[in-house]
Amino acid sequence: MSERSLESKPNILITGTPGAGKSYLCERLSTHLKFNWLDCSKIAKDHNFIEEFDAEYECPILDEEKLMDHLEPLMAEGGNIVEYHGCDFFPERWFQAVFVVTCPNKTLYDRLKGRGYNAKKLESNIQCEIFGTILEEARDSYKADIVYELYGETKADADKSLKIVKNWYSMWKRK
Ligand SMILES: Nc1ncnc2c1ncn2[C@@H]1O[C@H](COP(=O)(O)OP(=O)(O)OP(=O)(O)O)[C@@H](O)[C@H]1O
Ligand SMILES: [Mg+2]
């Protein structure tokens, strides 16, 4: 008999460079899987889990401890899809799978330019994608066999990603 109760659900992390297509996928995933979508950037903004503002990169600096205190009771419930553009500070035990969304540089550049990012921010995010920084961060922070790469360029990519995650969840339930 498995120690896991029949109703329990896993927690999934969706990470990747800003603009790679995490929210686009999470919105679809949360509907299909009936999981809660926890967009950490939005939560941090709504609850003011912000340490300071980085003027150079024009972005708020996350208060990781406050965010994690907020998330801990939710994670204990299971059934969450957590979205964030970083992954090394979350407790490893929270996630049963980590999906890294990646996107070709040209498309990513256009998306971030469209958001009005300044040159420095644009360059650092594009470099992050070129060097596969988040994929490496995920592989360094979680067991390699729970880290998966997904593509986030087109609608077809998102449809495929949806299938991959749904398949993963079906397998997880059968374990
Ligand atoms: N698979 C996709 N097909 C077509 N367009 C997409 C896809 N994924 C994302 N986009 C578009 O690209 C833009 C950025 O996507 P999204 O907001 O999902 O990025 P993100 O990874 O969540 O970024 P952030 O880290 O800032 O939260 C949006 O305009 C979105 O509609
Ligand atoms: Mg997002």
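Glycine is no exception: its Cβ is also placed from the backbone N, Cα and C atoms.
TrEMBL labels come from automatic prediction, so no person has curated them.
Annotated ATP binding site per TrEMBL: Gly19, Gly21, Lys22, Ser23, Tyr24, Arg115, in sequence order. The region 'NMPbind' annotation in TrEMBL covers 39-62. Feature annotation from TrEMBL assigns region 'LID' to 114-124.
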Residue among the binding-site residues Lys22, Arg115 whose Cβ has the most other Cβ atoms within 10 Å: Lys22
Residues among the binding-site residues Gly19, Gly21, Lys22, Tyr24, Arg115 that border ligand 2 - Cβ under 6 angstroms, in sequence order: Lys22
Close-lying binding-site residues around ligand 1 among Gly21, Lys22, Ser23, Arg115, where CB distance stays under 6 Å: Gly21, Lys22, Ser23
Cβ-centroid neighbours of ATP site Gly19, Gly21, Lys22, Ser23, Tyr24, Arg115, 8 Å, sequence order: Pro18, Ala20, Val101, Arg111, Gly152
Number of Cβ atoms other than its own within 10 Å, given for Gly21 (ATP binding site): 24
Where Arg115 (ATP binding site) sits in the secondary structure, as DSSP reduces it to three classes: coil
Largest inter-residue Cα distance among Gly19, Gly21, Lys22, Ser23, Tyr24, Arg115 [record-listed ATP binders, Å]: 15
